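One structure is given below, encoded as C-alpha cells.
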Amino acid sequence: MRAQPTASHYINGEYIDDESGAPLESRYPATGEVIATLNVATHATINAAVAAARRGFKVWSATPPAERGQVLLRAAQILREKNRELSELETLDTGKPLQETLVADAASGADCLDYFGGLTRTLTGEHIDLGGSFAYTRREPLGVVAAIGAWNYPIQIACWKAAPALACGNSVVFKPSELTPLSALKLAEALSEAGLPEGVFNVIQGLGETGAHLVSHPDVAKVSLTGSVPTGIRVAEAAAKTLKHVTLELGGKSPLIIFDDADVENAVSAAINANFYSTGQICSNGTRVFVQKGIKDAFLKRLAERTALARLGDPLDEETHIGPLVSESQMDKVLSYMKLGAEEGARLVCGGGRAEVQGFAEGLFVEPTVFADVADHMRIAREEIFGPVMCVLDFDTEDEAVARANATEFGLAAGVFTGNLARGHRVVAALHAGTCWINTYNLTPIEMPFGGYKHSGFGRENGHAAIEHYSQIKSVYVELGNVESAY
Ligand code: NDP
C-alpha cells in the first residue's frame, strides 16, 4: 500500500523536494507498512517557506475580504468532493477507522473553511463618536502564521488553523506531525485549486526541531500549536523571545460527571465516545468518569456489555469501530498505563492489554479498557494517557464531584450528565474547563469556540472567538477641527 505524495513540501504554490533533508517515513499503523517516504525540511527549506509566506501575505492581506471568503468556500467544496479519497489517506496515515475519517476529518475541515469563508465579509471595525472628532478601528491580519499540528486529526487541525488565519488575511506555514505528514499537502493542493495565491499556504515536513526553527523565525508573527503540554511550554518560551502571538491547544484529563438522575444508556454512550473514539487519541476526552454511587453498578454493567460489542479490525473496513494506535511508542505508552492501573489497585472491568486482530499481526491494536474504583491520587487518573483507557471514579455529592473534577492542572473540557438541567448549568459554571457539555460529550461544531483553561492552553479555535486570535485592531483617531497647541 503506497500513498507517496508528489513531493515532501508545498511552498509558493508548488510541490518541492529537498533531498538533503533526513528521510521521514509514514507507516500504516494497522500493518507497519511504509506508505510514503519524505524528507525533513532543512533550515534552507523552512526559510524558503517563510519567505514565500511573506510574499504571499502582501498579496493576500490586500485581497478584499469577500474574495478571500470565496476562495475558502471553494476549497471547502473541493474537500467535500474528495472526501472519500482524503478519508482513506487519513486512515492510512493515522490508522483511524474509515467509519470515523469519512465523517470527522476532512468533513470537519470543510465545515471550518465554510464557516470562516462566510465570516470574511463580516470582519469589520467600529466607529467611535468623540464629539467634534471620531475614531474608528480596523481589523488587520498579523502576518505570517506558523501552525504546528498533532497527529490525531491531521487535516482537521490544519483546517482549524488555516481557515481563521486565511480569513483574516494572514499567510500560513503549516508543519504537520512527523507521524502524519500526508493530508496537509492535500489541503494545500485544494486551496491552490480554489484560487489561493502562491505562498499564502505552505506545508513543510519535519520533527520537533523543524517546528522549533519555525517558531523562532523572526519573520513569523504568530504561532498556533496543537500538541502536548511540555511542547506548549517550549513553544511559548521560544515565542516569547520575539514576542510572537501564541495560541496553544494542549492536552487534557477531562472529567465526565454522571449523576444518579442521568439516563444510563445516554451516559454510557457518551462515556464510550469520550474514551474510545479515535482509539482514545482525542485531547478533549472525558477520561475521568465520575459516577454517583446510586447509578454506579448499573452504569458499569451496561458499559462492560456495550464495550464488548466494539469491533476492532481492519481500519479500511467501514464496519470497524476501533483501529490501531498511531505508533509503536504510543502503544507502548498506553500499555504501560494499563499495567500501571492494575499495580495501583484499580479494578479492571474490561480490556487491559494488546489486542490480537486476525490478519494484522503487526497492527498496533490495544483493547478498549475500563478501570473502576479508581482513586484521585492514582497516576492513571492524573496523567494524560491518550489511548482507550477509561477511569471510573465514584462520588457522593455534587460539591465533592466538582472539587475533585477541578483538582487537575488541565482544563480543556468537561461534561455533566443529569436529568436536572438547573444542576447541569450550575455544575458547568463551577468547572474549570474551556469547553463543557451537558448531556452529551465531545461534540465540537465549528460555530462553538474550542480551547483550554489552565495548562490545557490559551487562545481559541473555531467560532467568532478565533478571529480575535488571528487579527489585531488598529485604532485611528480622525480630527475634524483645528489642532490646538500651547505655543
Ligand atoms: P507533541 O507535543 O509531541 O507534538 C505536537 C507538534 O509539535 C508536532 O508537530 C511536533 O513535531 C511539534 N513539536 C515538538 N516539539 C516542538 C518544539 N520544540 N517546537 C515546535 N514544535 C514542536 O504532541 P503529539 O503530536 O504527540 O500530540 C498529542 C498531544 O496533542 C496530546 O497531548 C493531546 O492532548 C494534544 N492535542 C491537543 C488538542 C487540542 O486541541 N487541545 C487536539 C489534539 C491533540 P513532531 O511530532 O513531528 O516531532
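Cβ atoms are placed via backbone N, Cα and C, with glycine included.
Features of the protein shown, as given by TrEMBL:
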- GLU249: active site (ACT_SITE)
- GLU249: active site, proton acceptor (ACT_SITE)
- CYS283: active site, nucleophile (ACT_SITE)
- SER26, ASP93: K(+) 1 binding site (BINDING)
- LEU243, LYS454, GLY457: K(+) 2 binding site (BINDING)
- CYS283: cysteine sulfenic acid (-SOH) (MOD_RES)
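Structure with TrEMBL features highlighted.
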residue	record	DSSP (3 states)
SER26	K(+) 1 binding site	strand
ASP93	K(+) 1 binding site	helix
LEU243	K(+) 2 binding site	coil
GLU249	active site	strand
CYS283	active site, nucleophile	coil
LYS454	K(+) 2 binding site	helix
Filter the recorded positions SER26, ASP93, LEU243, GLU249, CYS283 down to those with CB closer than 6 A to an atom of ligand 1; keep them in sequence order.
GLU249, CYS283
Out of ASP93, LEU243, CYS283, GLY457, which of the recorded positions is least crowded by other Cβ atoms within 10 Å?
LEU243
Entry from the recorded positions list SER26, GLU249, LYS454 having the most other CB atoms no farther than 10 A:
GLU249
Would you mind reading off the Cα separation of ASP93 (K(+) 1 binding site) from GLY457 (K(+) 2 binding site), to the nearest angstrom?
26
